[in-house]
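First comes the structure, then the notes that go with it.
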Amino acid sequence: MGNLKSVGQEPGPPCGLGLGLGLGLCGKQGPASPTSEPSRAPALAPPPSPPPAPDHSSPPLTRPPDGPKFPRVKNWEVGSITYDTLSAQSQQDGPCTPRRCLGSLVFPRKLQSRPSQNPAPPEQLLSQARDFISQYYSSIKRSGSQAHEQRLQEVEAEVAATGTYQLRESELVFGAKQAWRNAPRCVGRIQWGKLQVFDARDCSSAQEMFTYICNHIKYATNRGNLRSAITVFPQRASGRGDFRIWNSQLVRYAGYRQQDGSVRGDPANVEITELCIQHGWTPGNGRFDVLPLLLQAPDEPPELFALPPELVLEVPLEHPTLEWFAALGLRWYALPAVSNMLLEIGGLEFPAAPFSGWYMSTEIGTRNLCDPHRYNILEDVAVCMDLDTRTTSSLWKDKAAVEINLAVLHSYQLAKVTIVDHHAATASFMKHLENEQKARGGCPADWAWIVPPISGSLTPVFHQEMVNYVLSPAFRYQTDPWKGSASKGAGVTRKKTFKEVANAVKISASLMGTVMAKRVKATILYGSETGRAQSYAQQLGRLFRKAFDPRVLCMDEYDVVSLEHETLVLVVTSTFGNGDPPENGESFAAALMEMSGSYNSSPRPEQHKSYKIRFNSVSCSDPLVSSWRRKRKESRNTDSAGALGTLRFCVFGLGSRAYPHFCAFARAVDTRLEELGGERLLQLGQGDELCGQEEAFGGWAQAAFQASWETFCVGEDAKAAARDIFSPKRTWKRQRYRLSAQAEGLQLLPGLIHVHRRKMVQATVLAVENLQSSKSTRATILVRLDTGSQEALQYQPGDHIGICPPNRPGLVEALLSRVEDPPPPGEPVAVEQLEKGSPGGPPPSWVRDPRLPPCTLRQALTFFLDITSPPSPQLLRLLSTLAEESSEQQELESLSQDPRRYEEWKWFRCPTLLEVLEQFPSVALPAPLLLTQLPLLQPRYYSVSSAPSAHPGEIHLTVAVLAYRTQDGLGPLHYGVCSTWLSQLKAGDPVPCFIRGAPSFRLPPDPSLPCILVGPGTGIAPFRGFWQGRLHDIYSKGLQPAPMTLVFGCRCSQLDHLYRDEVQDAQQRGVFGRVLTAFSREPDSPKTYVQDILRTELAAEVHRVLCLERGHMFVCGDVTMATSVLQTVQRILATEGDMELDEAGDVIGVLRDQQRYHEDIFGLTLRTQEVTSRIRTQSFSLQERHLRGAVPWALDPPGPDTVGP
């Protein structure tokens, strides 16, 4: 803390937010301007010795060639020279004149803020507002955008109408951080981006002020792990008094004037102590009595509030080797929180904006305890040390001061309370200067305040010239509220009675923690392909509403630049395909990868490569990331905070361990948010759909909720709320739901667009053809669709098409027969839910559920709701409450609560909802339950099997028709929802669909590069588009591309050799050089798979194409095949390239980064059941191991011998 004033308040704030934040300007040069004279070394410093040769690593000497002159700034220690161009942006003159330097004044009158009877002229306010708004939009890289211009117009209109304007919350956050960044007297500014801003502009009374302040202290103290924070109360308004905090700091020790003129306690606080006594405080008589707060609402007298003792963390001081030191009875408080300075942002003034950081040890050890006008313990300590105090040449003052500072550091570290020594603080400031020179071209700094009170030239800042000037936003000193024109409403008429004081203390205790819950905003982002992540995010939103102000957004609805101003973000996301983001998360992913701070805090510069590839390659186990994390932890308070310095975050990933890159996108988002400076509140959660995903999410959500309310101090009863949300005894409440008749019926295509939130169009069937032999027991079909040349259905070979199928009519009718009290068959309905009212708020009301469009119950079950997937444990819990037979109720409860039993039941039976109802016939089935609790029927994705150049206006699909029996082949027959529907279509039938691009699975632009294509079964689908496109290039464009190699696999040459004639024709026309086929069930032949072909016949070619000719390899098929092919290729590269297996793995990683090893992986098939069972067993063992001693949602990543990454 800065300690330069002997009477009245102490002017300076903490190290975490600066050594003083004062604004006295260096008078050697007058106000900072383009014409300022070059700065010189401090006048009282000794003449510098000849500087050493400049360090070649220092910034080069770069004076702007033309235009105005800028201050020349030299570092006398290393000889480096820079020019402060930022000083040209200063709009305010300093206090100095050409004949007088006032730079050493603590409170230059010219720079103190005083309440004015007349508001600032609109032109002046508008000028400052425009400058600030431009700063803000430049910071988010939107300068000159339509949003920027629109915001300027809004501010101008508001000023014209009201004479002032209001900041948006994001602008307030930015402005508060910039004010800290611009504070010339602050040595700890490297952490400016980590300032937590609490918006208290809705405060209306002194009691509410106290509530905010208590929560500020609790949050910032954080049990000794201090966090920088600011609470901003309402701005100054014309014709109204100010909100003011009379105390100079939120925590201060009283100073009692004695009859002999001496002071017991802190002499700096005598005046505020006497004011507190006048307002009814009953003082103690100790040296370290914590003062109450005097808080003033506009035009009201100040009110007295005593801080609850449990809120103020204090540190008893002891010495590591001098045992007698503890007997001195010294102590100091942990949290330095300046409360009497004014915050100015864009011309708006906030007279009450307390801010806090952490101490630099010399603020306590040298200034507070040793200054003659403070506690003045220097000589007492020197005597105890047996030092000669009779002569200054014994340096007794210096020796005693060092030991006192050592005691302070030792005591705070022993108590685990954040503190920084002056050497570390000044070294971090030098790094901050370097950062700011690169980012802004300069940094305002007051040399007299930056250099610490001891060690002078032993610190690097002593040798650094500095330029002092005023930038906006800024912190400013202001006159005491009980003096002069600021004293309106401050008169003291009487002392408060004991009862009134007791009531004030009672209010102090009761108000703590009651407001923050409504004020801390939480943003919940989801990325989802199937809707499950969205459902989980909505559950999370309901949970966080118990203690926060949450909003739930899809990633594609969220502006990523808002992350810099967020307080708490929770991410729930799935991973699509080959480790990619879900489609509605792609824009978020790209923007997140492009984000950087003022100084990029990433562990390494980003290379120019696909963000999808980057997401697949980032992991928490990355050694570079681990090294960066370790370094960041060691220098938490002395290093740059990063772009997301104030963000706290938690991430949960959904996935399946059957797929490579399990939860890859979630892991990458988790790592990237930390790289950008965010603080992880909870380790990454992962939910495996093969084993206990719902339980994993429930456990993670409760843990995330607890970590969040502990971090933001929003109330101790939040844990009970979490248990209520995820309680296994939740019941279906019929009275909370109803169906309402709707006038308008369903239009299918707009309805699908509403449900899936994506653009969708309708294609028409041209033909459906079975590609397998009539002797085959299975079917694979070629579906030809007419696109009508619609722009929305334009595609490239390798892309995917999404199809929205209906459920089978027979299944729908059987389910309808089980619904109790259904609505009339042809009547469109909507579900309405009874929203609870709140005390003082709106009464209970019926609100329509927006998930589905108005439609009949039959239409909902046919087109929008998933009735074939096994019901989730949550749905089974609800069904158990609707069962009339107690035995069925108990069985359903057991299934819903025992994860292992549920997974075994689901895996063996794979039951549809109808089969569950047949197994538990006493369950009643309300229509609203179906419409609100069933998951959405998701689109099915297929690789496009054609090229637009070969078949204009058409899209072809290659689809395996799925039919199988559950229960080891003895259960009911199940059909693939989409494949069965497609197989039954006739020419002219409509097909709702959309295109999903796959830019990472396309032939290289250079046709001369060799390519190897590997695709068994329907994995050949995208390659048909490849060869059709190449044929078109050969015959229409005259190109001569390099012949490709195709490796295909099927069961039997006479049954399911798909597209054999087409492939042979393409080979004869020069598209393929080699075509090899693996038969797994060919009579009188051994089983052969595509990976066997690669190993036995193509090993040399694989190595040559990938390592020597910069060629490409494409793999398409199910997850088991793709993993086996990958392992085979790795072994081939190791053998043919004479390298270790790990080295070959690194080569494949490079190939993926270069987008030369491509994978198009689709879901589980019947053939993968054995492998999937093994993965489920591994998942169960992981879960059980964690249940014995850890948490089920933080599953370990699979080992190198498992199918997962």
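Using the three backbone atoms N, Cα and C, a Cβ is placed for every residue, glycine included.
On a predicted model such as this, the values are computed, not experimentally measured, just so you know.
Annotation source Swiss-Prot lists (6R)-L-erythro-5,6,7,8-tetrahydrobiopterin binding site at Ser104, Ala448, Trp449, Phe462, citing similarity to another entry. Its Cβ taken as reference, Ala448 ((6R)-L-erythro-5,6,7,8-tetrahydrobiopterin binding site) is surrounded by 18 other Cβ atoms within 10 Å in the chains shown.
If you look up Swiss-Prot, you'll see Arg778, Thr1018, Arg1051, Ser1080, Arg1081, Lys1087, Tyr1089, Gln1091 marked as NADP(+) binding site, on the strength of similarity to another entry. Annotation note: Tyr1089 (NADP(+) binding site) sits in a coil segment as assigned by DSSP. The local packing around Tyr1089 (NADP(+) binding site), expressed as other Cβ atoms within 10 Å of its Cβ over all shown chains, amounts to 18.
The annotation FAD binding site is assigned in Swiss-Prot to His800, Arg940, Tyr942, Ser943, Thr958, Ala960, Tyr964, Val977, Cys978, Ser979 on the grounds of similarity to another entry. Long-range Cβ proximity for Cys978 (FAD binding site), meaning a same-chain Cβ under 8 A and a gap of 6 or more residues, is found for Ile803, Pro805, Arg940, Val959.
DSSP assigns Ser116 (phosphoserine) to coil in the three-state reduction, placing it in neither a helix nor a strand. Spatially close to Ser116 (phosphoserine) yet at least six residues away along the chain is no residue at all, judged by Cβ distances under 8 angstroms. Residues or ranges marked as phosphoserine by Swiss-Prot: Ser116 (among others).
For Thr497 (among others), the entry in Swiss-Prot reads phosphothreonine, with the evidence type similarity to another entry.
Residues annotated as phosphoserine in Swiss-Prot: Ser617 (among others).
According to Swiss-Prot, the phosphoserine annotation covers Ser635 (among others).
According to Swiss-Prot, the phosphoserine annotation covers Ser640 (among others), on the basis of similarity to another entry.
The phosphoserine annotation in Swiss-Prot covers Ser838 (among others).
Sequence annotations record features per position, and here Swiss-Prot assigns phosphothreonine to Thr1177 (among others).
Feature annotation from Swiss-Prot assigns phosphoserine to Ser1179 (among others).
Here Swiss-Prot flags Ser1181 (among others) as phosphoserine, drawing on similarity to another entry.
Averaged across the region 'Interaction with NOSIP' (100-488), pLDDT in this predicted model comes to 94. What Swiss-Prot records for 100-488 is region 'Interaction with NOSIP'.
According to Swiss-Prot, the feature region 'Calmodulin-binding' maps to 492-512, an assignment based on sequence analysis.
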What is the separation, in Å, between the Cα atoms of Gln1091 (NADP(+) binding site) and Thr958 (FAD binding site)?
22
Can you name the residues of this chain that are 6 or more positions from Thr958 (FAD binding site) yet have a C-beta less than 8 Å from its C-beta?
Leu771, Thr780, Ile781, Leu782, Tyr942, Ser943, Ser945, Thr1018, Ile1020, Ala1021, Arg1024, Leu1058
Determine the minimum-neighbour residue: among Phe462, Tyr942, Tyr964, listed as binding-site residues, which Cβ has the fewest other Cβ atoms within 10 angstroms?
Tyr964
Got a sec? Which of these binding-site residues, Thr1018, Ser1080, has the most Cβ atoms within 10 Å?
Thr1018
Pick the one among the binding-site residues Ser104, Gln1091 whose Cβ has the fewest other Cβ atoms within 10 Å in this structure.
Ser104
I need the least crowded one of these binding-site residues (His800, Arg1051, Lys1087), counting other C-beta atoms within 10 angstroms of each C-beta.
Lys1087
Looking only at DSSP and grouping its letters into three states, which state does Arg778 (NADP(+) binding site) belong to?
coil
If we check Cα distances from His800 (FAD binding site), which of the binding-site residues Ala448, Trp449, Arg1051, Ser1080 wins as closest?
Arg1051
Can you tell which of Arg778, Arg1081 has the most other C-beta atoms within 10 Å, given these are the binding-site residues?
Arg778
For Arg1081 (NADP(+) binding site) and Tyr964 (FAD binding site), determine the Cα separation and express it in whole Å.
19
Of all the Cα pairs drawn from Arg778, Thr1018, Arg1051, Ser1080, Arg1081, Lys1087, Tyr1089, Gln1091, the residues the record ties to NADP(+), which distance is largest, in Å?
24
Per DSSP, Phe462 ((6R)-L-erythro-5,6,7,8-tetrahydrobiopterin binding site) is which: helix, strand or coil?
helix
